[in-house]
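Enquirer: Below, the features straight out of Swiss-Prot:
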BINDING   E90, D112, L114  Mg(2+) 1 binding site
BINDING   D112, D115, E283  Mg(2+) 2 binding site
BINDING   D115, G116, S117, S118, N211, K277  substrate binding site
Amino acid sequence: MSRVTLSRYLIEQTRSNNTPADLRFLIEVVARACKEISHAVSKGALGGVLGSMGTENVQGEVQKKLDVISNEILLEANEWGGHLAGMASEEMDNAYQIPGKYPKGAYLLVFDPLDGSSNIDINAPVGTIFSVLRCPNEYLSQNEALNEKAFLQPGTQQVAAGYAIYGPQTMLVLTLGDGVKGFTLDREMGSFVLTHEDIKIPESTQEFAINMSNERHWEAPVKRYVEELLAGDTGPLKKNYNMRWVAAMVADVHRILTRGGLFMYPRDSREPEKPGKLRLMYEANPMSFLVEQAGGASTDGHKRILDIQPEGLHQRVAVFLGSKEEVARVTGYHKE
């Protein structure tokens, strides 16, 4: 039986599910950019790409060299094809306008070019997260200049989302709104090949991911929930749990998608004015779309992530996502 490449899968989606050709082309271009980023990441010190730039992004985070390189790769790969009206990146202050010399399309691309970049110098997994939205009609005319407002759509409006994870293998995990597929990069072929046909998250779990060093800063519902997890089979949950933490959302969520679990990045008392740490548009929305399509759930502790109306490109949010039972439990504690 012949192997199904990403290109073949997308063509079959166009035939069977009427996936627009422009969306198919967009996903293929993003995938090619991810292959280029994977190549740059794999070179490491040999390519002179390790270390920091000495600059900060709009989030106030020190930019790694590969943050900037990955951002440029995605911009240059996607700006010319005629399938996008604009782009937004975690690494840029403002929305990216498609240069006037190129045709414009009906979609918006939002991305975190290199999630978990603090892991680069220690050779731990990193990844690229992306989300695709339709551009509102008023911005498709030549009379209305594209601005931030075009991107401020709730996660329910995503038409596609995915991530590439650069680890022992490079994988692309994708949803077009009809389940979650996983593609592994065959470096000899140069193609992403379908290896995980229907990714599903078990409803219950015995694993969780959280940065325990921040415990003293958590709100009471999170402290209560984690204490119950740590109590194991002698506690109220009556089973033992394992904790995992890679310090890259893309790696922690990938583990949860492939074998179940709960990922938590709650708000804390160090910055009480901020509702959380992770970015709604670049991280929480695409990952929540994937998790829900895989049968899981995702909330900010109070409401469904995908229902949140964004107020800014770089809005932050608390995140609890993964197996349904555990997400429901910790969300319920926030409501008590």
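Cβ atoms here come from the backbone N, Cα and C positions, even for glycine.
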Enquirer: Return the residues near S118 (substrate binding site), defined as same-chain residues 6+ apart in sequence whose C-beta is under 8 angstroms from its C-beta, sorted by sequence, else 'none'.
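Expert: In sequence order, the residues whose Cβ lies under 8 Å from that of S118 (substrate binding site) (at least 6 apart) are K64, A247, A248.
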Enquirer: Fewest other Cβ atoms within 10 Å: which of the binding-site residues E90, D112, D115, E283 wins that one? Let me know.
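Expert: Across E90, D112, D115, E283, these binding-site residues, the one with fewest Cβ atoms within 10 Å is E90.
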Enquirer: Out of N211, K277, E283, which of these binding-site residues is nearest L114 (Mg(2+) 1 binding site) by C-alpha distance?
Expert: E283
Enquirer: Helix, strand or coil at N211 (substrate binding site), per DSSP?
Expert: coil
Enquirer: Looking only at C-alpha atoms, tell me how far S117 (substrate binding site) is from E90 (Mg(2+) 1 binding site), rounded to the nearest Å.
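Expert: On Cα coordinates alone, these residues lie 12 Å apart.
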Enquirer: Could you give the Cα-Cα distance between K277 (substrate binding site) and E283 (Mg(2+) 2 binding site), in whole Å?
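Expert: If we compare the Cα positions of K277 (substrate binding site) and E283 (Mg(2+) 2 binding site), the gap is 10 Å.
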Enquirer: Would you work out the biggest C-alpha to C-alpha distance among D115, G116, S117, S118, N211, K277, the residues that bind substrate according to the record, and give it in angstrom as a whole number?
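Expert: The substrate-binding residues span at most 17 Å between Cα atoms.
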Enquirer: In sequence order, what residues of the same chain, 6+ apart, have a Cβ less than 8 Å from the Cβ of G116 (substrate binding site)?
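Expert: The answer is A124, P125, V126, G127, V246, A247, A248, M249, V250, A251.
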Enquirer: Please state whether DSSP places D112 (Mg(2+) 1 binding site) in a helix, a strand or coil.
Expert: strand
Enquirer: When you average the Cβ positions of E90, D112, L114 for the Mg(2+) 1 site, which other residues in that chain have a Cβ within 8 Å of that mean position?
Expert: D67, S70, N71, S89, E91, F111, P113, D115, S117, T128, I129, Y282, E283
Enquirer: CB neighbours of K277 (substrate binding site) within 10 A?
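Expert: Other Cβ atoms within 10 Å of K277 (substrate binding site): 20.
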Enquirer: Taking just the CA atoms, what is the gap between D115 (Mg(2+) 2 binding site) and N211 (substrate binding site) in Å?
Expert: 16
Enquirer: Cβ within 8 Å of the Mg(2+) 2 site centroid (D112, D115, E283 excluded): which residues?
Expert: E90, F111, G116, G127, T128, I129, Y163, M249, V250, L278, R279, Y282, M287
